[in-house]
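Peer 1: Please find one structure pasted underneath; my questions will follow.
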Amino acid sequence: MSWDEMYRDAYERVLNSIGKIKGVMLAYNTNIDAIKYLKREDLERRIEEAGKDEVLRYSDELPKKINTIQQLLGSILWSVKRGKAAELLVEDREVRNYMRQWGWDELRMGGQVGIMANLLGGVYGIPVIAHVPQISKLQASLFLDGPIYVPTFEEGLKLVHPRNFEGNEEDCIHYIYEFPRGFKVLNFTAPRENRFIGAADDYNPRLYIRKEWVERFEEIAERAELAIVSGLHSLTEETYREPIKVVREHLKVLKDLNIKTHLEFAFTADEKVRREILGLLSLVYSVGLNEVELASVLEIMNERELADRILAKDPADPVAVIEGLMKLIEEGVERIHFHTYGYYLAITKYRGEHVRDALLFSALAAATKAMLGNIEKLDDLRKGLEVPIGRQGLEVYEVVKREFNVEKGIGEVGDYQIAFVPTKIVEKPKSTVGIGDTISSSAFVSEFSLSS
């Protein structure tokens with residue numbers, strides 16, 4: 001069976017099974033994305049005005065957070081130079097005003113929870129319960145129609161669509177600076193499309209958890225059979241203690257209720273927070289991450305040389321990646337889903353073709369989102385079937401076949417199963433925002449639907 005045939009078969013199988021899922025809890029980060037498509041002349045002018053030498057300093061090493069315009073522009077350059085995504089908290093009010101005046105090209109649903117809620121609930125039709133730190137009218141308006149709910153406790157637990165929530169709280173805006181592959185600024189050229197995110201938000205970056213989610217969490221959790229947890233990445237050494245304590249308690253509740261929980265990584269600047277997140281892995285069933293996130297976790301596990309090997313090539317060297325994933329799975333999870341440009345991998349303690357098929361479905365969802373900008377209905381994924389499989393992933397597959405005896409995307413590594421898929425590549429994507437969340441949530445829920 002060819003890869004194209006496997007893609008088509010996986011799509012049909014998931015289409016028939018995804019309706020079985022009774023409910024997914026999503027916590028914790030939801031916000032509004034203000035997307036700006038970068039223009040060379042505009043960015044270079046701003047760099048000159050801010051002081052080029054100071055800006056370039058931050059293009060070499062990211063600050064922990066943003067308090068000056070130079071740090072903002074330097075962080076954008078950091079992402080452009082490497083073609084890598086990054087996200088930092090913008091603390092300073094003047095920098096926030098600067099970003100607001102710089103403006104945006106479009107407003108969209110943002111935050112990992114918000115993006116996944118619209119995909120799982122609005123497109124796939126799976127009931128979801130979403131944690132929304134601040135339910136403003138603008139935030140609520142960005143949720144799609146469908147079985148998307150937030151909990152209220154006026155007369156016992158009641159689930160309502162965010163647009164039916166009584167009240168109007170604050171807007172949490174994240175400014176996203178997108179650039180295409182080949183984007184040129186100063187003497188830098190972006191090796192691939194990506195973005196830098198500046199979070200002008202006093203809630204999500206410190207992992208604000210709503211009172212009802214702290215006091216009545218078990219009641220909310222009982223309405224779900226799966227959970228996806230994200231949003232820990234913006235915490236710092238100063239802010240992590242109380243939120244991590246609450247998250248740990250929530251994960252224990254989910255584990256006691258036998259709810260399979262997926263923890264989605266994102267770029268985490270603070271080393272102490274990375275260490276704390278690593279300490280949560282024994283409480284979750286599954287983890288999702290990309291090459292930058294894997295390397296950053298391996299660094300705190302004293303595996304710096306391995307981390308460097310993972311980042312040395314594009315696409316990431318699969319032998320180094322699998323070596324890194326094997327170290328990470330020893331922290332106690334059942335499943336690790338790795339996604340990078342060109343291919344996805346899953347290392348699992350259990351076996352079955354459904355793991356590979358879930359990766360294929362998620363790659364189809366990612367290609368469709370890249371091609372269309374947004375997925376509006378499940379049938380849109382048929383268009384993704386026409387996107388060609390990337391040369392890079394097929395080349396990596398030859399290495400994986402040789403090194404790990406993989407056939408039809410499935411093999412063994414030690415006591416674990418390895419599933420591999422080369423991904424479909426959209427040469428000129430409309431947007432990269434939310435593609436990682438699309439990949440991880442689609443793979444997790446579709447794998448569960450195929451196995452149940």
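A Cβ is built for glycine as well, from the same backbone N, Cα and C atoms used for every other residue.
Look at Swiss-Prot and you will find 1-452 tagged as domain 'ADPK', backed by sequence analysis. Annotation source Swiss-Prot lists D-glucose binding site at Asp33, Glu87, Gly111, Gln112, His174, Asp437. The feature Mg(2+) binding site is assigned by Swiss-Prot to Glu264, Glu293, Asp437. Residues annotated as ADP binding site in Swiss-Prot: Asn290, His339, Thr340, Val426, Gly436. Sequence annotations record features per position, and here Swiss-Prot assigns active site, proton acceptor to Asp437 based on sequence analysis.
What's the neighbourhood like for each of these?
Peer 2: Counting only same-chain residues six or more apart in sequence, the Cβ atoms lying under 8 angstroms from the Cβ of Asp437 (D-glucose binding site) belong to Gln112, Ile115, Met116, Leu119, Ser230, Glu264.
Sequence-distant neighbours of Asn290 (ADP binding site): residues of the same chain at least 6 apart with a C-beta under 8 Å from its C-beta are Phe265, Phe338, His339, Thr340, Gly436.
Reduced to three states, the DSSP call for Asp437 (D-glucose binding site) is helix.
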Peer 1: Rounded to an integer, what is the Cα-Cα distance in Å between Glu293 (Mg(2+) binding site) and His174 (D-glucose binding site)?
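Peer 2: Computed Cα spacing between Glu293 (Mg(2+) binding site) and His174 (D-glucose binding site) is 20 Å.
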Peer 1: Given a 10 Å Cβ-Cβ cut-off, pick out the one of the binding-site residues Asp33, Glu87, Glu264, Glu293 that has the most other Cβ atoms nearby.
Peer 2: Glu264
Peer 1: Give me the count of other Cβ atoms within 10 A of the Cβ belonging to Gly111 (D-glucose binding site).
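Peer 2: Summing over all protein chains shown, Gly111 (D-glucose binding site) has 29 other Cβ atoms within 10 Å.
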Peer 1: I'd like the Cβ neighbour count for His339 (ADP binding site), meaning other Cβ atoms within 10 Å of its Cβ, all protein chains included.
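Peer 2: Counting Cβ neighbours of His339 (ADP binding site) within 10 Å gives 26.
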Peer 1: Round to the nearest Å and give the CA-to-CA distance linking His174 (D-glucose binding site) with Val426 (ADP binding site).
Peer 2: 25
